[in-house]
Amino acid sequence: MEPQQRSPLLEVKGNLELKRPLVKPPSRLPLSGSRCKRRFDQMEDVLEPEKKRTRGLGTVTKFAISHHRAPVGTTVPQTQGQAAAPKVPKKTGPRCSTAVASVLKNQKAAPAAPAQKPGTTAAPPKLGGKKPSKRPGWDLKGQLSDLNAELKCYRERTQTLDQENQQLRDQLREAQQQATALGAERRTLEGELARVRAQAEQGQQELGNLSARVLELEERLGTQEGLVQELQKEQLGLQAERRELTTRLEEQERRLQTSEAALSGSQAEVASLRQEAAAQATLLAERGERLHGLEMERRRLHNQLQELKGNIRVFCRVRPVLPGEPTPPPGFLLFPSGPAGPSDPPTHVSVLRCDERRGTLSGAPAPPTRHDFSFDRVFPPGSGQDEVFEEIAMLVQSALDGYPVCIFAYGQTGSGKTFTMEGGPAGDPQAEGLIPRALRHLFSIAQELSGQGWTYSFVASYVEIYNETVRDLLATGTRKGQGGECEIRRAGPGSEELTVTNARYVPVSCEKEVETLLLLARQNRAVARTAQNERSSRSHSVFQLQISGEHAGRGVQCAAPLNLVDLAGSERLDPGLALGPGERERLRETQAINSSLSTLGLVIMALSNKESHVPYRNSKLTYLLQNSLGGSAKMLMFVNISPLEENVSESLNSLRFASKVNQCVIGTAQANRK
């Protein structure tokens with residue numbers, strides 16, 4: 001760059017030997033508030049000697065600095081020592097910018113003084129607001145004094161601006177402290193920095209407008225030197241900013257290293273957990289294998305235990321005396337204790353019978369005859385439904401293991417067969433029969449086995465056999481009571497499974513569904529009044545539950561039926577009874593019932609004797625239960641007897657029939673597994 005021509009003002013200053021540092025010219029780059037303050041402070045330090053020279057003046061001209069609505073150019077006389085700076089209201093944001101713009105507007109309103117020609121005398125400035133006279137050109141000291149007076153006025157304005165700028169800087173410092181406390185991310189800080197720079201540029205522009213006169217004078221004192229110094233200051237600011245960014249970068253790098261270390265530790269922990277999970281999975285698989293083996297062993301031992309008890313078992317149950325019935329004489333029914341004493345459940349029952357038709361030679365009545373019977377278990381009149389079911393719960397579970405199970409309730413009319421199978425009035429949990437209790441037990445065990453991978457499905461049907469006709473007890477609507485439509489057929493060609501055509505097969509999964517089916521069947525069952533019972537069941541009811549289980553993980557399947565049969569009353573016919581129209585219908589019912597019961601006994605005997613032909617088809621009852629009576633099935637018969645002495649004949653017949661069944665032995669049961 002070519003050296004600039006030295007201004008006349010600098011030559012005069014050199015002649016006067018003013019030994020003071022040059023006033024730093026303003027930078028044309030955007031400056032922050034702190035830098036602007038330092039620049040005007042330096043100008044104030046340079047012109048400090050001029051202040052002392054101008055103290056002798058009586059009054060000075062004070063330029064009012066106000067908002068943009070205040071009038072421009074007003075002067076106020078002021079004595080020496082009085083405070084010249086007015087109170088500046090604390091402003092932030094746009095209001096501060098408005099004040100600065102007002103000052104700049106006032107400054108621009110005053111025209112710049114024309115340059116004085118050399119050799120002329122400048123007029124002294126007028127005091128009290130009057131315009132100073134023009135000084136001659138050779139009066140450089142006077143001109144300098146005027147400039148100092150004018151500079152003092154601008155310095156006062158500058159101090160006011162510095163106060164406002166100081167307020168802005170304080171607000172900016174608070175905003176920066178808040179930004180640091182909140183820990184904003186780098187992008188937010190950069191945006192804030194850009195906004196602050198934009199504000200600083202706007203402030204610089206406003207300050208430049210206010211100090212337009214000062215800039216004209218400072219440009220004559222050396223624009224290039226001031227620009228270099230301003231660039232150095234800018235460099236220092238950038239270096240400080242770079243150090244701050246470097247510090248932040250180091251902090252971020254430390255945090256990144258900490259995060260990487262934590263990530264490495266987490267990855268190692270994850271790898272360890274994966275290894276542990278794999279080991280646990282292996283152990284779980286091994287335990288699953290062991291559990292499956294134990295379950296298979298449990299089923300084998302359970303079946304072995306049931307076989308030791310006998311694949312055909314007979315229980316005897318004596319119902320209690322009902323209100324209004326005569327009390328039996330003492331000793332009519334005896335229940336001798338077992339080998340272990342009174343704590344051992346009874347297995348024997350004795351019936352004392354007094355026959356008035358028999359007598360001795362002396363004419364005295366013959367002593368009563370004692371009939372002793374032995375069964376697998378005997379339930380006295382005080383036994384509850386829960387005690388009865390507890391004895392057969394394991395047998396019911398065998399159906400879940402894949403073994404066909406058939407449970408009969410046999411006895412004369414009024415001996416408690418239906419109560420044993422279906423229960424008493426609804427709503428009494430103590431009176432629930434074997435059917436709802438058995439299904440609740442099966443649902444519970446199936447839920448437990450689901451944790452081992454087994455899934456079970458249950459399908460229920462309920463039919464009755466009345467006069468060798470099959471009726472659907474679950475029929476509704478127009479099909480209700482139409483028994484001729486139901487026939488016993490094989491499920492398919494070559495299949496051993498038997499089904500009842502046109503009968504409802506209802507999937508069940510909870511107790512409520514079973515209760516609904518039992519209520520519907522109770523309403524549809526054929527009953528009639530007999531000499532033994534006001535409401536007697538005149539048909540065999542068969543509740544069948546088809547159970548299907550599958551272990552998908554091992555490809556094992558099992559299926560078996562659970563049959564709960566309530567047989568009709570087994571009364572003998574009285575040959576001397578006079579038959580009317582109603583009695584003839586009861587006679588046909590009794591003949592059909594006794595025929596089917598007789599066939600049931602023949603089938604059990606044929607199975608026990610291993611005969612080549614088993615007469616299943618002689619009765620609809622035995623034909624329907626064919627798959628649940630053979631060597632692969634487990635069977636239990638409840639013989640229900642009345643405690644009344646008047647029914648002793650029928651009770652003895654029932655006990656004799658049950659004793660014959662109890663003496664039968666069927667082959668080893670086999671589970672139906674695939």
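Quick reminder: no glycine exception, Cβ is built from N, Cα and C everywhere.
Where the annotation comes from TrEMBL, it is an automatic prediction and has not been curated.
Range annotated as region 'Disordered' by TrEMBL, chosen from 107-141, 352-386: 107-141.
Of all the binding-site residues listed here (Gly411, Gly414, Gly416), it is Gly416 whose C-beta has the fewest other C-beta atoms within 10 angstroms. Packing around Ser415 (ATP binding site) is summarised by its Cβ count: 29 other Cβ atoms lie within 10 angstroms of its Cβ, all protein chains included. Ranking the binding-site residues Gln412, Thr418 by how many Cβ atoms sit within 10 Å of each one's Cβ puts Gln412 at the top.
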